[in-house]
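J.: Encoded as structure tokens, here's the structure I'll be asking about.
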Amino acid sequence: MMITKQSYQKFALMRVFVFSLSAFIFNTTEFVPVALLSDIAKSFEMESATVGLMITAYAWVVSLGSLPLMLLSAKIERKRLLLFLFALFILSHILSALAWNFWVLLISRMGIAFAHSIFWSITASLVIRVAPRNKKQQALGLLALGSSLAMILGLPLGRIIGQILDWRSTFGVIGGVATLIMLLMWKLLPHLPSRNAGTLASVPVLMKRPLLVGIYLLVIMVISGHFTTYSYIEPFIIQISQFSPDITTLMLFVFGLAGVAGSFLFGRLYAKNSRKFIAFAMVLVICPQLLLFVFKNLEWVIFLQIFLWGIGITSLTIALQMRVLQLAPDATDVASAIFSGSYNVGIGSGALFGSIVIHQLGLEYIGFVGGALGLLALFWLRFITIKFKKT
């Protein structure tokens, strides 16, 4: 019996590991344009702020597609669905690597965004399902760790590959790694029937839960603020702080490394007081943005700010996702799809706001505007915390 139990634990952890790798590759490709923005803009003879709208387009496809695509695929067996999503993901990256103009690149990114829409709608509930019985919360933390490693390894490595070869090679390598993950998924994942996915009828039911709706609005607000600044952090560091490209790469690495600390803090502290944890994480996201320009030329201070910012955004993202799952246990996939959609509305809006700020005010102001949006989100958190204190 002990051997059987050990085998179960081993395979369950390996399956969680596959999902963590999947999160790594999806998050790497979503945000790697941030690390390659200047190179992509230069190759197409465009401005960084204009190319940055590619981030907005990607995010808005995800935000608009998450719920309807999840509902359309609600009855499909989950392993088969995941393999299809990875096939689409890989083919789209081949097109990205071959893109002969910006519009072809944009179209290829839309294919990736469609895969992303469904992947993040179903993954949180699936990783909890395949996890060992007493490791459900830790499994969600490992999923977030995969996302954090995308920032630690994916973005810096993507930037290094882009600098040594070119940005097209970065997308090609991502497609290659995704192929290996797809093979692991095919080999290790069990048959996963759709379960508690919810239906279209679940949507109005969820929308009648005011705290859940409040959390979705909070996600849009705080993520909009975050991505107003983060979408253009690479050109800010190079042009405003005037640090070298190597320092810029190292700062992206530090941001991702901080995400591991954020995942750890979530696992240790969230259950003790979820409301205070979310508020503290938001403060860590907001303050570095507001102070970014103030300390723009102090290298060690910028490193510290980026580290704290990375801790904040990672722990905040996991905490908000966990809160959504807690508030909607009867329709986890629908709730996750709306969460993913809300998150990507924030990404798209933030990248758009950042582009507008750069064109109207200047690159140096992105931190002030992003931080101000974060402060509005903090006030909203305070309001819903008081309003729904017993929920």
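Every residue, even glycine, has its Cβ placed from backbone N, Cα and C.
Pasting the relevant annotations from Swiss-Prot:
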type	residues	note
TRANSMEM	16-36	transmembrane segment
TRANSMEM	51-71	transmembrane segment
TRANSMEM	82-102	transmembrane segment
TRANSMEM	103-123	transmembrane segment
TRANSMEM	138-158	transmembrane segment
TRANSMEM	170-190	transmembrane segment
TRANSMEM	210-230	transmembrane segment
TRANSMEM	247-267	transmembrane segment
TRANSMEM	277-297	transmembrane segment
TRANSMEM	300-320	transmembrane segment
TRANSMEM	338-358	transmembrane segment
TRANSMEM	361-381	transmembrane segment
J.: Counting only residues 6+ away from its ends, which parts of the chain sit with a Cβ under 8 Å from the transmembrane segment (16-36)?
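T.: Those are 51-52, 54-55, 58, 82, 86, 89, 93, 112, 115-116, 119-120, 123, 126-127, 130-131, 135, 139, 142-147, 149-151, 153-156, 158-159, 162, 167, 170-171, 174, 177-178, 181, 184-185, 188-189, 230-231, 233-234, 249, 252, in sequence order.
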J.: Go through 138-158, 170-190, 210-230, 338-358, 361-381 and flag the stretch with the largest number of C-beta pairs under 8 Å relative to the transmembrane segment (277-297).
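T.: The stretch with the most close Cβ contacts to the transmembrane segment (277-297) is 361-381.
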J.: Near the transmembrane segment (361-381), which same-chain residues lie under 8 Å Cβ to Cβ, leaving out any that are not at least 6 residues past its ends?
T.: 214, 217-218, 221-222, 224-230, 232, 235-236, 239-240, 278-279, 282-283, 285-293, 296, 350, 353-354
J.: Please work out whether the transmembrane segment (210-230) lies in contact with the transmembrane segment (338-358), by counting C-beta pairs under 8 angstroms that are 6 or more apart in sequence and asking whether there are at least 3.
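T.: Stretch pair touches.
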J.: Can you tell me which of 170-190, 247-267, 338-358 gets the most C-beta pairs within less than 8 Å of the transmembrane segment (103-123)?
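T.: Most Cβ pairs under 8 Å with the transmembrane segment (103-123) come from 338-358.
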J.: If I count Cβ-Cβ pairs under 8 A between the transmembrane segment (338-358) and each of 51-71, 82-102, 170-190, 247-267, 300-320, which range comes out on top?
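T.: Per the Cβ under 8 Å count, 51-71.
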J.: Against which stretches of its own chain does the transmembrane segment (138-158) lie, if we need a Cβ under 8 Å and a gap of at least six residues from its ends?
T.: 16-17, 19-28, 31-32, 34-36, 123-124, 127-128, 130-132, 170, 173-174, 249-250, 252-253, 255-257, 259-260, 262-264, 266-267, 310, 314, 317-318, 321-322
